[in-house]
Amino acid sequence: MSYKSPPGVFDILPVDDEEPWKSSYLWNYVESVIRKTASDYGFKEIRTPLFEKTELFQRSVGEGTDIVSKEMYTFEDKGGRSLTLRPEGTAPAMRAFIEHRLDTKGSQHKFFYIAPMFRYERAQAGRFRQHHQFGVEAIGNASPEQDVEVIDLIYTLYKRLGLTNLLVRLNSLGDPESRKKFKEQLVDYLSSKKELLSEDSKRRLETNPLRILDSKAEEDQEIIKNAPSILDSISEKAKTHFEQVKSLLETLSIPYEVTPTLVRGLDYYNYTVFEIVSTELGSQNSLVGGGRYDGLIKQLGGVDLPAFGFGTGIERIIQTMLKQMTLLPTNPAPTLFVIPLGDEAAKKAFTLVHDLRSKGISVSLDYSKRKLQKVMQEANDARAKYVAVIGENELKNEELFLKDMETGESFPIPFSSLERILSIEEKKENLALSYSELFKPFRNDREVDFFIKHISQAISKTKELSGQLQNAVSFISELLKQKKE
């Protein structure tokens, strides 16, 4: 019997040649940029359990939503408690905020999380039953500036990752009274068109009518187009807030368009809601959704505090990066691949590799005792910079031959010099770090020759870059002169 993963989930492998977006080195890169960006904006990480009490989501997300009514993974534990794998990240974060009385530890709180979410959706392209989400929650500030800071954070993240053709879609749901008033108007309008609606929209008319505005069904489009606009129903306070949000986005040169049909699928949203799309991705072009949810903390039993946040799927981010052919990182490769020949060589190699790794040098070691040709091919496939073969002669002479896999050049290196040589190699892209090696003692001519070779390469690259910068400065200066004239 062979086992496979259940429908709607997937494995993230070191490298996936068939579906590159499932390669862990890309995920590690994206998550590192996420953490740096969140930190730059003052957000701190929060981690919550994979499952919560079911009533948390029933209370926060809403009984009538598709998530609660159709998509949650809910089970009863041995104690008879109803538990649910989290389908979204905001409610657990708010629960943790309330439970740990974080409101007593400052007036403003900014959290982020990177975590898997679970929804029982129909398995199809771009839809998963376990997906991974980056989300933020900014608590304690009701100002338009807070809305735009959060939108700016996610917009900046996408730009740092190289995404292009981005557009913010924006709407306001107003305060709860405005939303209630609009909901009544919408139900009246849609009820008169009920027979023309899609089957899904007919059901939503009874449970969550605002979601009909999100419908992609062809038969709903003309009806939605002529539906009343929520922007005609919101209060003056909400209108002022919305105008300030738009003005601040313009100040930051973040492109946006007002989309009156944009609503969020969760009941707790009010005032500003938004999504960011990439205009070249077709029908599944939404990268992130979020908005303001003042009142949710109070609804869950905490103090009455405003909040704003979003959730973005990491799968969608990486897929978009690959589709847009952004500048992607390469899969990390070892600096050295060590091949021992014989038991005594294996003992020496084991100690040598341990010492190099303890100094922060990336090294792979072959234990397989296969034919040398096959192991060399593996080292080549791993994209190792150098290969060292250790046999009887190397043990006797206390040196090894280091092969540069890029140039094919081989040269003898004393065991005692290997760490220094590889340290110089790892610093060669940085002139300042390469230069610092000059002030450490050299033990033999090989270390000196290796240092001179690499410092020369670093200087050459720096000169090349300097020349390019000088050309760029000259070009810009010429443009500015022409503009003055």
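Even glycines carry a Cβ here, placed using N, Cα and C.
Matching Arg119, Arg122, Arg160, Arg169 to the L-histidine binding residues that TrEMBL gives (Glu88, Gly89, Thr90, Gln133, Glu137, Arg264, Tyr268, Tyr269) identifies Arg119. The binding-site residues considered are Thr90, Gln133; of these, Gln133 has the fewest other C-beta atoms within 10 angstroms of its C-beta. Of all the binding-site residues listed (Glu88, Arg264), Arg264 sits in the most crowded Cβ setting, with the most other Cβ atoms within 10 Å.
Averaged across the domain 'Aminoacyl-transfer RNA synthetases class-II family profile' (26-329), pLDDT in this predicted model comes to 90. For the binding site of L-histidine, formed by Glu88, Gly89, Thr90, Arg119, Gln133, Glu137, Arg264, Tyr268, Tyr269 according to the record, the largest Cα to Cα distance is 21 Å, rounded to a whole number.
Under a cutoff of 8 A between CB atoms, and with a sequence separation of 6+ in the same chain, the neighbours of Tyr269 (L-histidine binding site) are Leu173, Val263, Gly291, Arg292, Tyr293.
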